[in-house]
Amino acid sequence: MKKKPKKKDLEDKHHILTELLKKHGAQIYDDLDKGNFPKFSIPSRSVSNIVYDKKIRQYILGANTAVRSSRNTSQLRSFTQLMWLAFFANRLTRQKKSSTLRDVYYSSQAFEVDFEDQGESDNIIVDLEAVLSSPRESFHVFPEERSSVFGDLTIEYTVPGYQGKKTNLSDHPDGYAIGPSLTSAELIETSAEVVIAIEKGGLFTRFVEEQVDKKFKAIIVDTGGQAPRSTRSLLKRLHDELNLPVVILTDGDVYGEHIAMVIKSGSANAAHLRELTVPDAKWVGVWATDIEKYKLPTIPMTESDIKRCHDLLKDPRYQEGIWKKELEVFLKIKRKAELEAFSKYGLTNITDKYLPQKLEIAKSL
Amino acid sequence: MSSKETFTQISPSEFFYRNRDLAGFSNPTRSLYTAVREFIENSLDACDQKGILPDVHMSIKAVDAEKPDPKQYILSVRDNGPGIESKQVPLAFGTVLYGSKFGLKQARGMFGLGATMAILYGQITTNKPLIVKSSTDGKIQDEYEMLLDIQKNKPVILKHETKEVSKGGLSLSIRLEGDYAKAGTKIRDYVYQTSLITPYATITFDDPKGDKYRYTKVVRTMPPSPTIIRPHPHGIDVETIRRMLLDTNYQIPAVDDNMISKVRKELGLANKNLSHSEIMDKTQKKWKALTRPVRTVMALMSFLKMDFEKLSKTTIEEIDIGNKKLTYWDFGESQSVSVDMDPESFYYKQLANTVQGETLTSFLTKRFQRVGPTTALKFAEYAKFKPEHRIGTMTNQELVKLTDALQSFDDFMAPDPSCLAPLGESPLEKGMERFFEPDFLAVVQRGASAYSGFPFIIEMGIAYGGKISSRGINVYRFANRIPLLYDEGSDVVLKVVNDTDWSRYKVKGEPPLVIVSHICSTRVPYKTVGKENVADRPEIERELKLALLSLSRKLSSFMSKRGQAEAAIKRKNLYSKYIPLIAQFCTELAGKKKEPNYKKMITEEPIVEEKT
């Protein structure tokens, strides 16, 4: 079954962003022209202003905002830096160039905006995300870490030099790196019926070898541990634009459970962004209850695992369903198991036995 | 089981020779430094006492410049002070414990021992004589070359000559083993800081390397000199009380030939031989003019009924006031004789008075500072003694009880500060101005206060900016005009400075800040024998805090004025730097060609505004 996504989505987004930048620029231009000191209003990212929104099932920023004024000499420098970044983001977007956090830091040195270190420029990038309510990928600042995707999905590039060129993501058995060109590509068509996000590269390769994509009509995504934003953004688009359900497989421990939760509902760090969550994504394993059920070899939980369990139990997102139940079982058995543990029963045990059962269960979650 | 230890008495010179470490002569480095201090302080004290603006010139020269340290140096100090009478010179510098500073008042040194110790040290390390040149009148100068006979504690004069000169003063020159390579910094610091706290003196120093240090006087007025005063009751201990009781006024004088001739002289009898009754007649007529010892002798004679001839052949054995018996030994008869004393007799009262000492109240009012009859009576009640209790009849236990009460009684007046000699605000200010050339300077002299019966006064100065380097807070500590150079870690002044939250006074980071603290007291409570750090007595700490507080507030208002001006400039600089950048960025963002007109924002004087 092939699906046609709505076109023009990405272009619209770009247009909205550049218009927003232009609007801010014009406002500040007017202020200066009238001899007024311009200021920015930035949603406050302090802990007290991060709240959980039950309706959209993610952390969001509250109503508090901080004003950054160019009149205040202790804010003037960071005000200028924010202006520079907006200016730089505008150029990146218009010229369709990509860059990284580190690039941004070095690019700034052509202008006398005085970032003391990369940490400072990283912070300003988050400020701009908050002002624009858009992730940095939208203004072409991409993470360094790459995760991968594989499966029958045809995309059409929009990056300069490749515009109009199409690729099918099942053409290369190592999968395709989820980088700027893939992230900004149009999603054209797919025969897949499900997206499987898996925590580990080794298992990703196994899944490709075992033709999980064909057997289960799946697009396989390697999150490489905690999923980078571009990966989360791709998962969201696969779900929203292609109406594909997303299931997540992680190690059977508290950190694995939280990797799944971040894909589903974001992190407190990114409470200022709403484009990164897949609220309908389903964590299908490895559950604490699976450890007993599948007689998996285990290792004991560490002190910090246990502490993390207790911390998460206080989080509003872990108050119901499997999220709560599995944490409690982890605490009870005080043991954990990795995805590779299934290899005890043969290398293909996980794809032959475990995965089909879990995909079945997912439908009822 | 008999022990056969021999106890031999040693002379004070011998004692100090054996214990020279105590006096600061433990090694060549320390000894050279101590000798410098003792000589300079001696000169300054001598000038202070006579109200002469001091000119002190010191030089240290290596005997053989090529040799490595430690080696022999010649230390010479010359002053324009009063000098020392020719015949006193050998005693003053050739014996230990011959000093003129036993009274209770503020002075740099305590007994004038130190200079002699330096001389002694020089002699035992180099075996070279001391050269003293002294002129009291600025015309004739006595020049002595002498050594010390350590065992006999006596000077040995090698050479004495006189010559005509044009200037008065004293010059001392000794040869001693020293280590200038190591002691140099300390000595230069000492000279520098001494000049700072003695702005009315000119001090020069020619060091062995040929460097010349010159500190000329910046003020021409001397601080008023202190007066010698009686002790305060709070500062007394049992031993001091005992010594006060042993005062000659209340001793039964030995009736020897000297005494008899003194009696004859006071009675105006010369060599005339009068009978006993004639003598007593004369005594009654002259009574009021007689000195106390003579009165006592006459009272004895009234009961002995002897003439001078007979009296010279007796010695008094016991005066038993209770049983009214007087016992004497008669050399002629070789036997003890007792005579009765008539308790109604006028002379009996005189004797009783002498033997038993003064009454408590008269002892208090006459022998202590600031104790009047009313306070004395109140004290007697507090201490549970009768006001007329004779001080000479007190047992040891009673003396201890008396001492404790003296120390704890709260209603004595505060100690008399007239024995103190603070430098004064103006000289301190001028001294600091010259030394630091600061942007800001404030000084304060606190009122007199006291700890344990010892009066003290705190003087403090604070200087900021100007030629002071930004190496953090630098504290110069002085006690009785002596710099305290080392061991500052545990000093009460440092404690007070470090306890201060300087950010409250708008002083941040490593400020170019100097604090000069001067404690004047008849007894500075040093923590250690090294006399380099002052103990944290609460009374002293409190005064230091108050002094520092008043100065810090002044500094704070200076800093905020300066801060406002600096901030305005800083703001203008920041606007000039960043506003054009913002203009550039927003022009491109807004898609405009021409930059906004922001020029007036960075050229206009910026408005002073608090942080929002």
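Positions of Cβ are set from backbone N, Cα and C atoms, glycine also.
Automatic prediction, not curation, is the source of TrEMBL annotations.
The following features are taken from TrEMBL:
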DOMAIN    A:77-141  domain 'Spo11/DNA topoisomerase VI subunit A N-terminal'
ACT_SITE  A:Y106  active site, O-(5'-phospho-DNA)-tyrosine intermediate
DOMAIN    A:195-359  domain 'Topoisomerase 6 subunit A/Spo11 TOPRIM'
BINDING   A:E199, A:D251  Mg(2+) binding site
Rounded to the nearest angstrom, how far is the Cα of A:E199 (Mg(2+) binding site) from the Cα of A:Y106 (active site, O-(5'-phospho-DNA)-tyrosine intermediate)?
32
Using DSSP, what is the helix/strand/coil residue split across the domain 'Spo11/DNA topoisomerase VI subunit A N-terminal' (A:77-141)?
48 helix, 3 strand, 14 coil
Using all protein chains shown, find which of the binding-site residues A:E199, A:D251 scores highest when you count other CB atoms within 10 A of its CB.
A:E199
Pop the mean pLDDT for the domain 'Topoisomerase 6 subunit A/Spo11 TOPRIM' (A:195-359) in here, whole number is fine.
91
Applying a 10 Å Cβ distance cut-off over all chains shown, what neighbour count does A:Y106 (active site, O-(5'-phospho-DNA)-tyrosine intermediate) have?
13
